[in-house]
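Annotated features, as they stand in TrEMBL:
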TRANSMEM  20-38  transmembrane segment
TRANSMEM  50-71  transmembrane segment
TRANSMEM  83-102  transmembrane segment
TRANSMEM  109-127  transmembrane segment
TRANSMEM  139-158  transmembrane segment
TRANSMEM  195-216  transmembrane segment
TRANSMEM  236-256  transmembrane segment
TRANSMEM  268-291  transmembrane segment
TRANSMEM  297-315  transmembrane segment
TRANSMEM  327-349  transmembrane segment
Amino acid sequence: MYFNLYSVFQSTQNSTDIQTTLINYALSVVSVVFYSSSNIPIKSHECGDGVYFVWLTSISMFISGFILNSIRNYPSFHYEPVIGGVLLCIGQILNVAIIRLFGLGVPTLVYSIIVVMVGWIMSVVGFLGMQKAVFYEAYLNYIGLAFCLISIVAFSFIKLNVKQDLTDQNTGNDINGIVVSKPDNSFLRAVGLKLIAFLLAIAIGLCFGTQFLPTYILLGRSENDPSLSSDPLDYIFPQTVGMLVGGTTILFLYCLFKMNRPFVNPKLVLPGFLSGALLGAGTVFWGYSSYKLSPAVSYPLVSVGSPALSTLYGICFFREIKGKRNYIILASGLIPMTIGVILVGLSRIQI
C-alpha cells in the first residue's frame, strides 16, 4: 500500500496545479475513511481503560512509519515531530475512553469542533512560523467553515441509544488469570459525566489538532534552511516514533499504578494492530494533504468528514441512533456539512 501511496504522491509533483489540488482533496477523503474506520475496533471490542489497546496501535503505526521511511530512503531524523506523536498518543487514549463511555458517533462530532478551530487558526495566523494559508477565494473558506460548524452543532442534538455491554457490568472478568473490574456506566446521564465528556472532548481536540504543528513549523523553515526537507512525508516516521514512545511510557506508568495488574485482553492484539495500521495510513494521507492544501482547508474536510462517517458507522453497525427525530437531525446536519466541505474546497481553487 505504501509503495502505491508513494507513487501517487510523486505523481502530484509532476501535475498541473489544479490536478495536484484535486489529488490532495482525494487524499483528504481517503484519510477520512481510514481515520473513521480505525475507531470501529474500539467500539466492537472490550478495550478496558484503553492503555494496552493504544500501545498496540502505536506499535502498528511505528511499523507503518518505518516502512514509509525505508521507501523514502531514510531521510534525516528530526525530533520535533516526535512531540506530535506523543500528542496523538494521548489523544488516542482519551478517544478510547470517550467512545467506550458515550458511543462512536456523537462524541467524535463534538471534539471535531476543537480540531477544526485549532487547525484553522494555526493556518490563518501562521502560528510559530508555519506558513500562512493562501486562498484564491477567502470568503468561501470563511462561509464553508461556518457551515461545517453549524453541521457539528446540529449533530450534537442527536440522542444516543448506547446499549449496555460487558463494560457496563460491575462483575469481574478473568482474563489470563487477571481479574478485571468492569466500570459501572449506569449513571451516564448524570451531570458529572457530561462535564467529563466535555472536558475529554476539549483535550482530544487539542491533541489531535496540534499533532502536525511541529511538522508544519519545520516545513515552514525549510524554505530558508536547506538541511530541512520540504516534503511532509519525511516527518511521518518521527511522529510514529513519538506515538510508540508515548504509548510505551504510558503503559509502563499504568502498570506501576495498577501494581503490575493491567487490563490485558488477548483478543485485542489483531484489532489493535488493524486500528494502528488504519490510523497510520490516515496520518500519512492527512499529514501530506493538510500541508499541501493548508490546515485551514484540510482540517474542516477531515475533521468534519471523519466524525460524520463514524456516526454512520454507529447507526449501521451499533444502532447508536434510533428514532425519526434523530434521523431528521442527522439529515439536517449532513446538508450544511456537504455545503461547507464544497465551499472550503473551492476556496483553494482559482476560479
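A Cβ is built for glycine as well, from the same backbone N, Cα and C atoms used for every other residue.
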The transmembrane segment (236-256) and the transmembrane segment (83-102) contact flag, 3+ Cβ pairs under 8 angstroms: yes
Intrachain residues whose Cβ lies under 8 Å of the transmembrane segment (50-71), provided they are six or more past its termini: 2-3, 5-6, 38, 41-42, 89, 92-93, 95-97, 100, 233, 236-237, 239-241, 243-244, 246-248, 250-251, 254, 262-265, 268-269, 271-277, 279-281, 283-284
Result, the transmembrane segment (195-216) in contact with the transmembrane segment (83-102) (3+ CB pairs under 8 Å): yes
Non-local residues, at least 6 beyond the ends, that sit with Cβ under 8 Å of the transmembrane segment (139-158): 105-106, 109-110, 112-113, 116, 120, 133, 296-297, 300, 304, 307-308, 311, 321, 326, 329-330, 332-337, 339-348
Spatial neighbours of the transmembrane segment (327-349) far in sequence, C-beta under 8 Å, 6+ residues away: 18, 21, 25, 135-141, 143-152, 154-155, 157-158, 293-294, 297, 300-301, 304-305, 308, 311, 315, 321
Same-chain residues at least 6 beyond the ends of the transmembrane segment (109-127) whose Cβ lies under 8 Å from its Cβ atoms: 98, 133, 145, 148-149, 152-153, 155-156, 197-198, 200-202, 204-206, 208-210, 213, 216, 220, 290, 294-300, 303-304, 306-308, 310-311
Candidates 20-38, 195-216, 268-291; stretch with most C-beta pairs under 8 Å toward the transmembrane segment (297-315): 20-38
Residues from the same chain, set at least six apart from the ends of the transmembrane segment (195-216), whose C-beta lies under 8 A from its own: 80-85, 87-88, 90-91, 94-95, 97-98, 101-102, 107, 110-119, 122, 127-128, 130-131, 232, 235, 239, 286-287, 290-291, 295, 299, 303
